[in-house]
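Trainee: Here it is, the structure in full.
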Amino acid sequence: MAFNISHQIGSIYGAPVPDPSGGDSLSSSASSLNAAAVWKPPTTDLRCRIKRQNPDVDLISPPVSPCRSPVLSVSALVTESAPITTEEDSDLKLHVEVSRSSDKGTGGVPVYVMLPLDTVRPGGGVNRKKAMNASLQALKSAGVEGVMIDVWWGIVERERPGDYDWGGYTELMDMIRRHGLKVQAVMSFHQCGGNVGDSVTIPLPKWVGEEMDNDQDLAYTDQWGRRNYEYVTLGCDALPVLKGRTPTQCYSDFMRAFRDRFSNLLGNTIVEIQVGMGPAGELRYPSYPEMNGTWKFPGIGAFQCYDKYMVSSLKAAAEAAGHPEWGNGGPTDAGHYKNWPEDTSFFRKEGGWDGPYGEFFLSWYSQLLLDHGDRLLSSARSIFPTEAGVAISVKVAGIHWHYGTRSHAPELTAGYYNTRRRDGYLPIARMIGRHGAVLNFTCVEMRDHEQPGEAQCRPEGLVKQVTMAAREAKVGLAGENALPRHDGYAHEQIVRAAEGMKAFTYLRMGPDLFHPENWGRFVGFVKRMSEGKGREKCRELVEREAESFVIHATGSLVREASVS
């Protein structure tokens, strides 16, 4: 079928692309406009400058788990989903089926792909539906297992408490089901905006914002009184501060409403529920917010325990420990967001983190986070019991900078009590395991030598530690890449690190992924992940097979998108 993709590209980028033929039909002849010029993916600059007392050092940019990544738009390489009727389409179907079924090994890891942050728009409806349909079809043809979608609290329960609008998500779920893909649904109880890579803003529900305006202590607070509105502070989890309901009740009611609306898809199309537990959907404190330049990589971040609810908890813990003087707040010598460990008395080599007060405070701070996770997982498991056939997961951030120091300061401020002398991930894994959930970890694609050595970054060591903690706790492990990467080095690192994982989720679907070169590498990557240990092939051989697939199955469609 003739297909003028320039219209879809224009819709993806929010601006019309003129059709020289004067028509606006998708079936019009190929445009003479050079679509590649319109569709040219933004250059990804992985370099940054980190300045210390010595001259600037050219370094790799931050790491971390963005609020589900900066790429917001989808791209279409193939025609909108339709029944396969033509001879050419039949050949495509045959090639795809052969590619998936031939000589598969065992122990493969299914690959999911994150959808754009703004896939469902406020008020309902799916953004860029034609492009979305085409892109989903392309993912299916590549052997992708399914997609991950953010189910935003701030969209569904936007106007009034208990008033849920599932319209946009109903449309999206039906679209995904028709393509034969599965869904990892993220219960996104956080605000989108303010984290690494965020370039779209989706606030918390309006009525939640009103309550936070009336009582600003519902927001996480640092020692300088700065408020963070990404997520309701866990200090009030069990208090009826949101229009008569507790935050935990609000999250539970939301998940229950989701279950009731999509009950017919649970266990077949919807196979996983990831429970959002903090900023960026991760189980952590908002200790390193980028908004307004508050934090900058590789800063240590700051403790978030100065709202009145958390201070009250700290006072009670200090009195119980026989040191009421410890209950006035967090350490006052822990520096600022952008400091490095050795700049502070608390986090330096022989600092206060390793003394009696440090042990008390860090134990209390991290335990509150564990209790928060335990509380939400208990609720989620009661709503989605094991027999429903839906996995439950929790996302844990890959905070790898200053991992090579003794104190692991950035992990401590985020709530992970992990130091050179203490394993902070084993308690998290055990808590997750008690509910039969899966631990989803980020930064799986990163290699140590790609990171700034001066900042003691050790992503590979961190991934190994979390993997060992999951094994000891007998909890399932899944992974994500923390930054958008489409190069073979990142793919190779993921393949090695993902052995034994329940699933891997690729960040993210967008124009860069569908660039012809990136797409060829991605198809080979999916094939290698799915084959597991049963076939020990070199990467080059798999990539050649993938290149053949791209040429025969989607080559003409790729050319249609990239030439005039």
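Every residue gets a Cβ built from N, Cα and C, even glycine.
TrEMBL entries are annotated by machine, without manual review.
Annotations per TrEMBL:
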BINDING   ASP150, HIS190, ASP198, LYS395, HIS400, THR442, ASN481, ALA482, ARG508  substrate binding site
ACT_SITE  GLU282  active site, proton donor
ACT_SITE  GLU480  active site, proton acceptor
Trainee: Over all shown protein chains, what is the count of other CB atoms within 10 A of the CB belonging to HIS400 (substrate binding site)?
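Mentor: Neighbour count, Cβ to Cβ under the 10 Å cut-off: 29.
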Trainee: Measuring Cα to Cα, how many angstrom lie between ARG508 (substrate binding site) and the residue listed as 'active site, proton acceptor'?
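Mentor: The separation of the Cα atoms works out to 10 Å.
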Trainee: Please report the distance from the Cα of the residue listed as 'active site, proton acceptor' to the Cα of GLU282 (active site, proton donor), rounded to the nearest angstrom.
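Mentor: One finds 12 Å between the Cα atoms of these residues.
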Trainee: Return the count of C-beta atoms lying within 10 angstroms of the C-beta of the residue listed as 'active site, proton donor', excluding that atom itself.
Mentor: 26
Trainee: Between the Cα atoms of HIS400 (substrate binding site) and GLU282 (active site, proton donor), what distance do you get, rounded to the nearest Å?
Mentor: 15
Trainee: Around ARG508 (substrate binding site), how many other CB atoms lie within 10 A of its CB?
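Mentor: Within a 10 Å radius of the Cβ of ARG508 (substrate binding site) lie 25 other Cβ atoms.
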Trainee: Can you tell me how far the Cα of ASN481 (substrate binding site) sits from the Cα of GLU282 (active site, proton donor), in Å?
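Mentor: Computed Cα spacing between ASN481 (substrate binding site) and GLU282 (active site, proton donor) is 14 Å.
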